[in-house]
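For reference, the structure is listed below as structure tokens.
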């Protein structure tokens, strides 16, 4: 089939127009820049996962493959001009299993996680991630634990297996106890699965707090610039001797300590900036 006369010229003009339009949108529209950056962020992770899969497949499903993923993802913060400052890393217990609990703000949490991720540590993620193309397969090969949150019985069974794995294989797990991303600049109530897990295995809980991203990232405002994020590792919370009845108080105590630190590092000029001081940020009423 032949193209009508002038079709090639028209396609060339459309291509040139697109080349001119993209830079214009980039420099003149913060919203367009936000979508471009997020699209590249997700696409780049999927591409890196494609590269990681053959390397990880040599070992099969193995926690050690998380080191490969971490190595391949660490550079992303430089692409976006995000400086990640880690404090308190000495609080990680050196030679025992434990449960990490961290606040969950957006997919950018991956940058802070990779910066501070301890050895033999894998995240617990929602099962939907398993079907996220190359990223899902790479995560599976790295030993990420997937849970179907809609099926409570299955989730409890998986957590019981994880408790045994913690003790027998010296593995650490990373959990986002809020259960979902929280964009409002505070912390959602904690789900108790991670705390039941720690109490069942009688291993410590290591809280990790990432400062607010509001100075450089806001989904609602379609804003994504460069900035700094502080990741604070808090002292481990022991669970020896605790029973299931102690879990609610334990979860509340850990959340309170994390929220206090979150407010501190998100307003001191070294973390997420002064968002919490602004109208609409987290004040006493937001708690």
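Backbone N, Cα and C atoms are what each Cβ position is placed from, and that goes for glycine too.
Among the features that Swiss-Prot reports, signal peptide is placed at 1-26.
Residues or ranges marked as topological domain 'Lumenal' in Swiss-Prot: 27-37 (among others). Within its own chain, the topological domain 'Lumenal' (27-37) is flanked in space by residues 80, 222-224, which lie at least six positions past its ends and keep a Cβ under 8 Å from the stretch.
Residues or ranges marked as transmembrane segment in Swiss-Prot: 38-58 (among others).
The DSSP breakdown of the topological domain 'Cytoplasmic' (59-127), given as helix, strand and coil counts, is 25 helix, 16 strand, 28 coil. Annotation source Swiss-Prot lists topological domain 'Cytoplasmic' at 59-127.
Counting only same-chain residues 6+ beyond the ends of the motif 'HXXXXD motif' (104-109), those with a CB under 8 A from a CB of the stretch are 41-42, 82, 176, 178-183, 210, 212-213, 217, 219. As annotated by Swiss-Prot, motif 'HXXXXD motif' applies to 104-109, with the evidence given as similarity to another entry.
Positions annotated as transmembrane segment by Swiss-Prot: 128-148 (among others).
According to Swiss-Prot, the topological domain 'Lumenal' annotation covers 149-192 (among others), on the basis of similarity to another entry.
According to Swiss-Prot, the motif 'EGTR motif' annotation covers 178-181, on the basis of similarity to another entry. Mean model confidence for the motif 'EGTR motif' (178-181) is a pLDDT of 79.
Listed by sequence, the residues of this chain that lie at least six past the ends of the motif 'EGTR motif' (178-181) yet keep a Cβ under 8 A from its Cβ atoms are 103-107, 149, 187-191.
Applying DSSP to the topological domain 'Lumenal' (27-37) sorts its residues as follows: 10 helix, 0 strand, 1 coil.
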